[in-house]
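The structure appears below as structure tokens.
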Amino acid sequence: MIQKIIKKELNGYFNSPIAYIILIVFVGLSGWFFAQDLFLGGEADITGFVNITPILFLLLIPGICMRLIAEERTRGTIETLATLPLKDTEVIIGKWLSAFILILIGLCATLIFPLITIFLGNPDPGVIFTSYIGVILFALFFTAIGIFASALATSQIVAFVIGIFISFFFFILGKILFALPTSIVPILNYLSIDYHLNNIIRGIIDTRDIIYFLSLSFAFVYGAYYFYSRIKERILSATQWVLIIIVIVLLNIVSTRFFLRFDLTQGGIYSLSKATVKILHELPDNVVIRAYVTSKLPFPYNNRAQYVNDILGEYRLRSKGKIRFEHIDPSTPEQVMDAQRNGVLPLQFTEVKQGELGVKQGFMGLVFLFEDKREVIPVIEDFANLEYDITSRIKKLTEKSLKTIAFTTGHEEINLPENLLSKIGDRYVTQNINLKDTLNPKFDALVIAGPKSDFDTTETKKVLDYINKKIPVAILLDRFGINLDFFFAFPLRLSNLDSMLNKLGLTIEQGMIMDRNNEMLVLRSQRGMFIMQNYVPYPYFPKIMDLSKQNPITKDFEAVVLPFVSPVIGGEELARTSKVSWLRNSPQTLNPLDQQKFLPFPLPFDKQGPFNTISCLSGDKRVVVAGTSKFIDNQFLSGPGIALFMNILDWLTQDETLISIRSKAVNIRPLKEIAKGTKTFIQWLSPLLPVLIFVVVGVIRWQIRKGGKIPYEV
């Protein structure tokens, strides 16, 4: 009988314009936002669709569901329905599922969005799959709220208002937690949809989230059954209703203690990597991880604290007892002093208490103890790289000695940014050397990073001697000095370094690469009291997507930006520009707003790409050469740039265990380069094709009904 009710309700929807209007609005708006986000963000994902869908559901689903029970009352057919050989549960479930199926029909039309991302790039199939799972669970929950409101109300308008109100409560809850008292934040945070939906749409299927959606959906459907039964004078006992609520609450509490978690992202971004598990299995002795995390942290720190506990629990589980985990809540003065003595720094944040804003101090840091050694994460801030930060410190603690990286000085080399130096310091000992000195310090790898003046022949001979002695070397050279204050480039004369590279069979060409497949440049301008930001395509920031999948340095990257780079010839090619790149021998201006001199297109005498930008030599001579050092310059440093440089150091020192962990956290999935006309076509196709599907279906169905082949059902 449930199938017959579903069929009747769906016919009711599609025999009137309401279903078509709702579906057309849904797919049209979601398609528009999907396309806008796709090209503005430049990544192959469906984020725009996923972000707008909850808002659309909030407005549309109460409109779909308001008629389910309330219309029966308004039309006076509720008594007729009571006389039919139908169980109350069959009526409620059939009507609920009909609204849910209507939403699923709309979602089917949006499957064009993943197909577009596959055409334009290399999306993560796991994230797309779980995003649709999250959206479907969201729809299941909101349709349950909708039928509850319809059963509770006496008219469709009242049902719509009640449905909107209840749905909005769960929708907005996760967005206002920062303004609520800390004491009630954990409970309200768990009740909020954001807390559970955000986990699912990033690629994680967690039984806690599944139970949340299913149990609350059941609660509202049961509530609809309760109020519908009252209409038919079959009043359920209050005890039975309270018992259902208690069971649902207990089920959710138990699910937070005993749960399963499946990371469906490509490469397991949110799970411990094979490299981490290997390091844990090879630990020589027990490592203690002491987590100083304040309880009852305000939003959003409370969610981050939960993530820290989850990942540390996974470390303990996968280490087979070699990781001991201690959780300390620094609530007493002695515990606060102990945290600070161990190097954990306090956090300052605001909280709402008795209607007033106050400042509270808390802690969220980790201390690692092994034998008589200690490592610290003073404040956990970079959650995307948390696995790398934890594993690298465990590895550093348990290694007998650290390798040394030497950086040349005396030629106006790049001053490495503090955050990059901190990352290097987590893995290596660093030292600066001047090759003109007669001393011969010992080190495990040498880095020449962006010298602005040439080496003399004595220095280049020393570098070649190091290479011949099997000491690995990284050489990051710029063909031009850059002044972005005035958008001016000036050539650098590095003839002795060029001769040294030639002896290794390598060459960095003169000129600077421009590429239509590029990163945006942010231009800031003062407009009265305001600072305006403009994003413009910048061909001197080529987005490198043709990366070697055989070399550990680049195999886990989808793309990396190399600013102001020159071609590298010889050796094993690691990073090639796109086919729509070209080489500008003498850039006249770097200013994209200078329309007369800035020419973002190839000239007849420009050499056409693609070009290689990074090369390496392996075997007895271990050398990496890049046609730019700007990706580790403070002005242009980014997460992928840090990861690329750290991968280079690990490859040079032949310690590649952490490369896969580091690379997976910074992976981006850029779009392919497409013609402007194709881009415009896709921007219009995304909203219009799904709309057209429902328009055609509606017209065909109307024509059939007009011929009397589809009767009205009452």
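Each Cβ is built from the backbone N, Cα and C atoms, and glycine gets one as well.
According to TrEMBL, the feature domain 'DUF7088' maps to 268-368. When DSSP labels each residue, the domain 'DUF7088' (268-368) comes out as 35 helix, 34 strand, 32 coil, counted as helix, strand and coil in that order.
If you look up TrEMBL, you'll see 403-636 marked as domain 'ABC-type uncharacterised transport system'.
The transmembrane segment annotation in TrEMBL covers 12-34 (among others).
Among the features that TrEMBL reports, transmembrane segment is placed at 46-69 (among others).
As annotated by TrEMBL, transmembrane segment applies to 96-120 (among others).
The annotation transmembrane segment is assigned in TrEMBL to 126-150 (among others).
Here TrEMBL flags 157-190 (among others) as transmembrane segment.
Tertiary neighbourhood of the transmembrane segment (210-228): same-chain residues 69, 88-89, 91-93, 96, 137-138, 140-141, 144-145, 147-148, 150-152, 190, 196, 236, 241, 244-245, 248, 251-252, 255, selected by CB-CB distance under 8 Å and a gap of 6+ residues from either end. Here TrEMBL flags 210-228 (among others) as transmembrane segment.
Per TrEMBL, the feature transmembrane segment maps to 240-260 (among others).
Positions annotated as transmembrane segment by TrEMBL: 681-700 (among others).
Annotation: stretch 46-69 has the most Cβ pairs under 8 Å to the transmembrane segment (126-150), among 12-34, 46-69, 96-120, 157-190, 240-260. Of the two recorded stretches, the transmembrane segment (681-700) lies close to the transmembrane segment (96-120), with three or more CB pairs under 8 Å once pairs fewer than 6 apart in sequence are set aside.
Distant neighbours of the transmembrane segment (96-120): 2, 5-6, 8-10, 13, 19, 22-23, 26-27, 30-31, 34, 38, 44-46, 49, 57, 61, 64-65, 68, 128, 132, 135-136, 139-140, 143-144, 146-147, 221, 224, 671-672, 674, 682, 685-686, 689-690, 693-694; these residues of the same chain sit at least 6 beyond its ends, with a Cβ under 8 Å from one of its Cβ atoms.
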